[in-house]
Amino acid sequence: MLCKAANRVINRNEPTFLEEACSRILSFCNSNSLKQGISVHSPVIKLGLHHHLYLNNNLLSLYAKCFGVNKARHFFDEMPHKDVVSWTGILSAYVKNGNHDTALRVFDSTLISGESPNEFTLSSVLRSCSSMGEFDYGTCIQGYVIKEGFDQNPVLISGLIDFYSKFGLVTEASNLFITKGNHDTVTWTMMISSCVLAQRWVQALQLYVDMVKAGVAPNEFTFVKLLGACSAHGLNYGKLVHAHILLRGVKLNVVLKTALVNMYSRFRKMEDAIKVSNSTPEYDTMLWTALISGFAQNSMFRKAVSTFHAMGVSGIIPNNYMFSSILNVSSLMLSLALGQQVHSRVVVTGLEGDVSVGNALINMYVKCSDNVEDALRVFRGISLPNVVSWTSLIAGFAEHGLQLDSFHLFTEMREAGIEPNSFTISSIIRSFGAAKLLPQILMLHGHVVKTNLYEDIAVQNALVDFYAEFGMLNDAWQIVDRMNRRDAITYTTLASRMNQMGHHESALHIITDMKNDDIKIDEFSTASFLSASADLGTIMTGKQLHCHSVKSGLCKWFSVLNGLVNLYGKCGCIHDAQRAFGEIGMPDIFSWNGLISGLTSNGYIPSALSTFDDMKLSGVKPDAITFLSILSACSNGKLTDLGLEHFQSMREIYNIEPQLDHYVHLVGILGQGGRLEEAMEVIQTMPFTANTSIYKTLLRACKAHRNIPLAEHTAKQGLELDPFDPAFYILLTNLYQDAEKQLRKNPSHCWVEIRDKVHVFVAGERSHPRTNEIYEQIESFEAEFKKHGYLFQGIVHSYYHSEKLAVVFGLLNTPSKATIYVIKNSSICRDCHNFMTFVTQLIDREIIVREGNRLHSFRKGECSCRG
């Protein structure tokens, strides 16, 4: 059509009309990036208009937009005349293409040619300076701007604000903004963008308020930047920005829709993200990519795949970002078949040499394929592998157990002239740490110390994690103390590793360290602290963390809610655990496991089994942890046949291979049912070497059923594994009632938390400053028992039992309606159990005693164990 229009132009042969027609056609094509407009080039030459500077500048712009910078440069070099617009056009083309070094050389040539740069020239040069890290060059440009009287120009003010913010100098950018008045929309938006880039979220939102007060209308790009600030302030701020977009009637173009989709996806509101994407018919590759990434972030992998297929049906050809996104989905799904299908599409599209797509393919094959040669083949096919390519391959080899090959690849990478960045080093440290490669990581640590990467927080955090994982806490703390800046990841890593080592009290002390460093407790650190509180049984600390999570908006995160379910379940507050579980929109396997475990340990066996059925009906597949709780429930509930049925279902229905802990529970189930010979047969035939735990489980069953011969055999087997374990002697002693051996177990002890302080009581010890008061209260209770006719046969020595001392101390030092929480390192005795039952019948208090993984909840004269 444009060619026909050009022919009609030639046939009229009117010079003025010809110039005007060509000019209009080129202007229209430039505005719409229509490459057909280049067909005007031929008529321009034939009509002798090739000296027409305005037409040539339009053609130069069109070549740059539609055919790339090389074609544009070829045309530029052939232009007989050039002005500042010509020089700015080619310079801008190089900047947009990322050739910043060439762009700066073009600027030098502009000055040599005698042309005076305008605001658009200088703005493009500032972009190149910031991209190349040429701070001094950029400040020289600022001096030129001031000298030439451009310092009030809004285009250059915006450019300078962007320049300073890219170097992290937001204060200087802010000062520049304040000193220059009469800002337009672009300048306000650039300043907001600078604050978002520097994570000054509050300042960014305040700037928007000031912008509106100043009467400057925000545009779609302003709102795109504001939506970036909402990631730190929460969903409500994002919704407020969305409301402002609608109230101001700002057109929802694809850029703004993409930003809204990203915002809603981040807060797990995919329904809202879909509504936004469907609000107008316009779609582009970036919007499709945002949707796919959103589904992937929210573990909605099937919808991500169906969205990718829908995009193909719409006729939009995937670009490298789209392929990278869908390959990430296949990696998360561990779907090799999907990854291979996408790989074939990549080859058809001709993007197999693209570095970002190649990196995604490497990651996919590393995660999904058993053969690392697949990843290596993709790596060799990338034309110019970058540091990410090398990092993915090195980490992949380490994850597949090929640690030496991985280390050789690291050496090869450096020999190829690719210097590792912080992500490379931190990834390798984590991979080698998982493989327990201490010597190699020590060598890496030495390499890092010699480079400026040692000051990088990502590398330092990886080293902290490595040393803590190996139990080298002193070395981990040394790195933390030397860090110029610590963040939430630093402390969360330490807390998590301390929990794994059982140092729960030390993990909770990290809260103080974070406060001293003015670091906010995030959802991940909250989950770690909740875990420590749960394992310690410090319910008050856990409740304080719960309050903090509500106030800070963290209580909507999966990790925090799962942590609350675990906390309340382990501390005997099963109703609070169920309430926290009810707040989870779509419970995952961790949510269900936490609730089932809490119900089991609190003695609610029917509820635990019913919850297991609910989990299966919801579509969540049980895992090995689930079955530990279910087998424990069957053991505690003496449900032998049901326990055996569940154990068989692990392998037959769910393809879960039972581990040693599952066999321990199986022995307990058979022992509870009196099937002791079968239990011994399980130990002898299971595919694991027996440990002391499984022999102690069988020995307890022998004691319960008074099977002395099997008990002696079992104790002998256990003592061969650990001759110094007193549990075997104690169990046998109790069975024999042999006073001659005079064997005594280690004194039991309990602890109770009162007003953030933990009080420890040891059996038989009278060193507590309020011992006399505690004993007087015990005697008072027992007198009341007799007065009310309770059949309580107190044992004199049980006065000294730690659980009784702890409970009475708690009653004396807490408000009249407060629940008493006590943790014991061994089983509660029958006399103390009866004592607490009668106490709760006398007074309206709840007493919760935790012994190992089992809890007793005493209330109104009854215990949750029904004992």
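In case you wondered, yes, glycine gets a Cβ from its N, Cα and C as well.
The repeat 'PPR' annotation in TrEMBL covers 83-117 (among others). Outside the repeat 'PPR' (83-117), and at least 6 residues removed from its termini, the chain residues within Cβ reach (under 8 Å) are 53, 56-57, 60-61, 64, 68-69, 72-73, 76, 124-125, 127-129, 131-132, 134, 137, 148.
For the repeat 'PPR' (184-218), the DSSP counts in helix, strand and coil order read 26 helix, 0 strand, 9 coil. If you look up TrEMBL, you'll see 184-218 (among others) marked as repeat 'PPR'.
Per TrEMBL, repeat 'PPR' is recorded for 284-318 (among others). Beyond the repeat 'PPR' (284-318), the same-chain residues lying 6 or more positions past its ends with a Cβ under 8 Å from any Cβ of the stretch are 254-255, 257-258, 261-262, 264-266, 268, 270, 273-274, 277, 325-326, 328-329, 332-333, 338, 345, 349.
Assigned with DSSP, the residues of the repeat 'PPR' (386-420) fall into helix, strand and coil as follows: 26 helix, 0 strand, 9 coil. Taken from TrEMBL, the feature repeat 'PPR' covers 386-420 (among others).
Residues or ranges marked as repeat 'PPR' in TrEMBL: 588-622 (among others). Helix, strand and coil counts from DSSP across the repeat 'PPR' (588-622) read 26 helix, 0 strand, 9 coil.
For the domain 'DYW' (800-866), the model gives a mean pLDDT of 85. The domain 'DYW' annotation in TrEMBL covers 800-866.
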Beyond the flanks of the repeat 'PPR' (588-622) by at least 6 residues, Cβ under 8 Å: 558, 561-562, 565-566, 568-570, 572, 574, 577-578, 581, 629-630, 632-633, 636-637, 639, 642, 654, 656, 853-857, 863-866
Same-chain residue ranges lying at least 6 outside the repeat 'PPR' (184-218) that approach it to Cβ under 8 Å: 154-155, 157-158, 161-162, 164-166, 168, 170, 173-174, 177, 225-226, 228-229, 232-233, 237, 244, 248, 250
DSSP residue counts for the domain 'DYW' (800-866), split into helix, strand and coil: 25 helix, 19 strand, 23 coil
The repeat 'PPR' (83-117) - residue tally per DSSP class, helix then strand then coil: 26 helix, 0 strand, 9 coil
Tally of DSSP helical, extended and coil residues in the repeat 'PPR' (284-318): 27 helix, 0 strand, 8 coil
